[in-house]
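**Q** Following this message is one structure expressed as structure tokens.
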Amino acid sequence: MAKRLLVAYGLWALGGPLGLHHIYLGRDSHALLWMLTLGGFGGGWLWDFWHLPGWVAAANGARAPEDRGGPVPALSPLRLMGQVTVGMYFGLVAALGLPWVPALLAQPLAVGLGVQLVSSVGDQTAEAPNILAAAFLASLLFQGRVLAVLPSSLAASIVAQRHRRYKPRGMPRPRLAARLYHLGLACLAFAAPLACRGLCGAAGVLGTLLALPRAAIELLLLPLRAGRLLAEILGFAGGSPAQERGAGFEPSGRSKRQQWAYEVLGLAVGSSAEDVHRSYRELVKVWHPDHNRQRAEEAEKRFIELQEAYEELVGPRR
């Protein structure tokens, strides 16, 4: 079915950053690139306005094979710049969304796929194995650091330009349902790690917000507890009920250890076992290492302190 220029412009205006006009014209690689970069970061979507007539003509078969101008595509500085930019963008997304995957694996793979995607836009393509090999080699030289995305993307882009070629003509085009299915899978593979990382970060923020009311109460009760502690030191107030019943005098080291345990759990000295259990459960949820991957060392230290404080206070009651 012939493609209409008016429909292409309408799709460009309504869903251009999502590549709807490219899907209509059968340019799936270009459509996927626009979906993952929101229209080439906005600038590419505006650039499409002047190219839509030529793309519609190509989709309708109005261009002859001689229009290619040779067996190898001409070197395009604009495409090279796009390959470097998108390769770096994909590498940074992999570093943020896949922190549990080794950097030497995730980042060069993402960089290579980004460069290959730009290389496949339009009627051109490149050899993916060579692009991935260049990205992995450059990343290995820089030991997989985050800054390695720039040399990796640059090396992969140069190799892509070196091995550029035209796509073969006359290839049968899949049906629209199959094309949309493949585009959806590609978008899901790109967005799923970022969504997972975002949910983990939101869970950590939620745990911190839930702990704020208790922290405010503890702050308000701080003068009262300081006065009580001062009264006990000066001898104006008695000790705990266990001491009044003659339960025995604990060594000073043991008392300091329990006082430290109460402070770790955010409780007053002599709090009930129910308060100890409740505070321990709340703080463990906040400082669990699985919920604090961005500050793993601090979370692990606090988690161990909570365990030791809980055992210190619960042990004698048992």
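The backbone N, Cα and C atoms fix where each Cβ goes, glycine too.
Source: prediction; values computed, not measured.
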**Q** What range among 7-25, 216-234 does TrEMBL describe as transmembrane segment?
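**A** Of the candidate stretches, TrEMBL labels 7-25 as transmembrane segment.
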**Q** Within the same chain, where does the transmembrane segment (86-111) have neighbours whose Cβ lies under 8 angstroms from its own Cβ atoms, ignoring anything closer than 6 residues to its ends? I mean 6 or more beyond.
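**A** For the transmembrane segment (86-111), the far contacts come to 33, 37, 117-118, 132, 135-136, 138-140, 143-146, 148-150, 152-153, 156-157, 190, 193-194, 196-197, 293.
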**Q** Same chain only, please: residues at least 6 beyond the ends of the transmembrane segment (131-155) with a C-beta under 8 Å from a C-beta of the stretch. Say none if there are none.
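**A** The answer is 83-85, 87-88, 91-92, 95, 102-104, 107-109, 111-116, 119, 163.
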**Q** Six or more residues beyond either end and a Cβ under 8 Å away: which residues meet both conditions relative to the transmembrane segment (176-195)?
**A** 23, 28, 31-32, 35-36, 93-94, 96-98
**Q** When the domain 'J' (260-318) is classified with DSSP, how many of its residues are helical, how many are strand and how many are coil?
**A** 49 helix, 0 strand, 10 coil
